[in-house]
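Chemist: Annotation comment: Swiss-Prot describes 1 as pyrrolidone carboxylic acid. The disulfide bond annotation in Swiss-Prot covers 4-30, 8-29, 12-24 and is backed by experimental evidence.
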């Protein structure tokens, strides 16, 4: 069971992108995206 590299949440933020839910259950694993 891989751990989510970002945070587990219901909705991703503006500068986040959803990834495979790993161990988030019903939640989405959101990883921050680097912005310039």
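Backbone N, Cα and C atoms are what each Cβ position is placed from, and that goes for glycine too.
Remember, predicted model here, so these are calculated numbers, not experimental data.
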Chemist: To the nearest whole angstrom, state the Cα distance for the pair residue 4 (disulfide bond) and residue 24 (disulfide bond).
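Modeler: Taking the Cα atoms only, residue 4 (disulfide bond) lies 7 Å from residue 24 (disulfide bond).
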Chemist: Where does residue 24 (disulfide bond) sit in the DSSP three-state scheme?
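Modeler: Coil, per DSSP.
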Chemist: Sorry to bug you, but what's the C-alpha spacing from residue 12 (disulfide bond) to residue 29 (disulfide bond), rounded to the closest Å?
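Modeler: Distance (Cα to Cα, whole Å): 8 Å.
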Chemist: If I take the alpha carbons of residue 30 (disulfide bond) and residue 8 (disulfide bond), what is the distance between them in whole Å?
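Modeler: That comes out at 6 Å between the alpha carbons.
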Chemist: Around the C-beta of residue 8 (disulfide bond), how many further C-beta atoms are within 10 angstroms, looking at every protein chain?
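Modeler: Other Cβ atoms within 10 Å of residue 8 (disulfide bond): 16.
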Chemist: Counting across all protein chains shown, how many other Cβ atoms sit within 10 Å of the Cβ of residue 12 (disulfide bond)?
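Modeler: Taking all protein chains shown, residue 12 (disulfide bond) has 18 Cβ neighbours within 10 Å.
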